[in-house]
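Enquirer: Pasting a structure below so you can have a look.
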Amino acid sequence: MFKLTRNKDEQSGSATFAMPLLPLRDIVVFPSMVVPLFVGRDKSVNALDKAMATDKKIFLAAQTKAKTDTPGESDIYRVGTVANILQILRLPDGTVKVLVEGDFRARISSFIPHPDHFFVSLEGLEESEDESVEIEALRRGVRAAFDAYSKHNKKINQEILDAVAAIDNASRLADTIAAYMPFKLDVKQKLLETLGVAKRLEKLFGQIRSEIEILQTEERIKGRVKKQMEKTQREYYLNEQMRAIQKEMGEKDDFKSELEELEKRIKRKKLSQEAAAKVRAEFKKLKLMSPMSAEATVVRNYIDWILSLPWYEKTRDKLDIDESIRILDEDHYGLEKPKERIIEYLAVQALVKRIKGPILCFVGPPGVGKTSLAKSIARAMNRNFIRLSLGGVRDEAEIRGHRRTYIGAMPGKIIQSLKKVKSNNPVFCLDEVDKMSMDFRGDPSAALLEVLDPEQNFSFNDHYLDLDYDLSEVFFITTANNLHSIPPPLRDRMEIIQIAGYTEFDKLNIGRNFLVAKQCKANGLSLDNIAFSDDMLLYIIRHYTKEAGVRNLEREIASICRKVAKEVVRRGPETRIELTEDLVQEYLGIPKFRYGVAEEKDEIGLAVGLAWTEFGGDILGIETVVMPGKGKVQITGKLGDVMQESAQAALSYVRSRAKRLGIDPDFYQNFDIHVHVPEGAIPKDGPSAGITMATSIVSALARIPVRSDLAMTGEITLRGRVLPIGGLKEKILAAHRALLKTVLIPKDNAKDLKDIPAKILEEIQVELVEHMDDVLRKAMVVPEDRELFHEEEAGAQQAVMFEQKPPAADEIRAH
């Protein structure tokens, strides 16, 4: 039994009263709000029964947590609404449906213990509802905001808008609109607890604006999604319409016919077991896909790549050795070593039907025919030829391809090239293998290790295909200018064949038999229009080219042919032009290079050395001057560390032999020495100029000239020994081009003379030296009234040396 201690007309003040409590889940009931509630908990049903037994009033308060089935005092908000029970209906499942109307706000002052239901002591809450301009402005703003909100929320119908428009009381307006808004429970509870009408309207206005922004954002998102869906549905509808029309007209479905064609190709194509299984699995997936999907295009391209590769297709090798020799000789003059290696391969293949393809590396200067020789090898073997330039390649994916997960992924260049050539046993030329570089994307030379390893390349795995592909029958030929630029692991997998520069006679033969005819044809001339005599070809070779190969020679011949073509057009097709030196100079300009000896006369302090470069051999003049000073030594010419150390070793040797060479032993205290190696802008390095520097220094200090028609090469030790060097063939060819008569080489390089053409050795005198004494005897032009060596002081000099460093000779030999 409870009793209201204040009359109904008093809905504010501090009077307390008691009544049953009905805890609510996920709903806040505002005053003047009529709402149906479903009540199922025993305590809540008992509270309704108690209220119905008295004056049908009950206190409605929201739970802080809706999931709590048995709420305690701390689980219920203190502010709620006193409501009138309008109607009650008991349902068959035991729950009760009750219709209530909110009356006024109240706050729980205390809970009254009761075993059957919640019973609370309440105090009514007084609202501040003073009419003011601010409240009127807020009322209009809230009503306008609610109207704007209703345009975005279709659940707010016109009937609700009319009901809201009819409310004049500001407090009731705020409560009614708050009841219709889908605010969170805590937001509605705060609005219920806000007694000041102006403040409540202000909070309500802000919340309505937030809801409008949320709905506008949702509409934009829905619009984008709907547009995309409409586009997809439209495309699907149009595709279906197209199929229906094609069916009516008796035409085949493009996608279906494409699948049928793919299926036929899969059945016809001979694939490896792994590739066949992969293709069947991918084709099965493709049949289940929409033809317009991006994934279908990716799968279709993948299957097409696999089917386009020559898994077992190959060309038949021509095993006629005589015919192969004829073709190789027809295409290239000289180059005996690589030709011999190809003939050996063909001979072995004739005896052993299946052998692994060799991996050759042609190393030589530009223009000597490395790439064209690879093409000629393919013609001689009756194989297809493919060339891949590796110059500047710095991405591993260029070799291995990209994985299919990337957009626009493709296989690497190896697989692409094999698809293009349509056979799995081509001659594959990897050009400029020494020009590759690496960066953050990987090292392409590391990816080539598998390609060029005969023990691994039968199962080369491209990232795009993700299948093992057999490269073992491919004849790989790589080309390089500099062997030292190739990483050692890669170099170890290849058979190195050095191709040296051409001699003057080789160039003459190549020019006469190959280049003249080629350029005449390229420029529309017949051999009757122009006459290249051997003398004129030699003149062009000597005065307009300075190279190991014949690329510049061909360029100069082409330039002459173009000039002659102009004359033929002017004078008529019967024109014939005989080349002379004057005419060559008219066509090509003044000679670019001086042909002849490095120096015209014997000079003091000037010795001619020989150098090796990537472009062939070259001569190297080394100059030394001696000036009064305090022993300063200056070495110039952009020299590397090794060459500077070689100069220091040469100087130390000269100091140790000063008396024997007739040089003042104190020269290093009284004179400054300057050693210079032209051309100053070109970097130079290496130890092979050691004896040349020593000869130049001795000549400058002893004031004895050095032969101008003699060149030398060799590394020097502190004891004067001459050590072997590399690149001998290129160096002797350079000496021959410079018309030098004599070349001094280390005795240990005698074995390399077999690589020098006999005709060169007939025209140039090669002398072997093993000590600086031998070099000086042969190189110095000693006047008749002077001696080069002062033998009487040799013993004393030797004694001085051993005093400075006791029995070092034996120790040096032991090392």
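Each position is counted from 1, following the chain as shown.
A Cβ is built for glycine as well, from the same backbone N, Cα and C atoms used for every other residue.
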Enquirer: Write down the single range among 195-217, 448-470, 609-631, 793-815 that appears in Swiss-Prot as region 'Disordered'.
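Expert: Region 'Disordered', as annotated by Swiss-Prot, spans 793-815.
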Enquirer: DSSP on V368 (ATP binding site), three-state: which is it?
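Expert: Its secondary structure by DSSP: coil.
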Enquirer: Around the ATP site formed by G364, P365, P366, G367, V368, G369, K370, T371, list the extra residues of the same chain whose Cβ is within 8 Å of the site's Cβ centroid.
Expert: F362, T479, N481, I499, A548, G549, R551
Enquirer: I need the most crowded of these recorded positions: T371, S688. Count other C-beta atoms within 10 angstroms of each C-beta and give me the top one.
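Expert: When each Cβ's neighbours within 10 Å are tallied, S688 tops the list.
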Enquirer: Please report the DSSP secondary structure of S688 (active site), reduced to three states.
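Expert: DSSP assigns S688 (active site) to coil.
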Enquirer: What's the CA-CA gap between G364 (ATP binding site) and S688 (active site) in angstrom, rounded?
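Expert: A Cα-Cα distance of 19 Å.
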Enquirer: Summarise the model confidence on the domain 'Lon N-terminal' (19-212) as a single mean pLDDT, whole number.
Expert: 86
Enquirer: Can you give me the Cα-Cα distance between P365 (ATP binding site) and K731 (active site) in Å, rounded to a whole number?
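Expert: Spelling it out, the Cα of P365 (ATP binding site) and the Cα of K731 (active site) are 13 Å apart.
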Enquirer: What Cα-Cα separation, expressed in whole Å, is found between K731 (active site) and G367 (ATP binding site)?
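Expert: It is 17 Å, counting Cα to Cα.
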Enquirer: Using other CB atoms within 10 angstroms as the count, which residue among the binding-site residues G364, P365 scores least?
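Expert: Least crowded of the binding-site residues G364, P365, by Cβ count within 10 Å, is P365.
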Enquirer: Minimum Cβ neighbour count within 10 Å among the binding-site residues P366, G367, G369: which residue?
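Expert: Each of the binding-site residues P366, G367, G369 was scored by Cβ atoms within 10 Å; lowest is P366.
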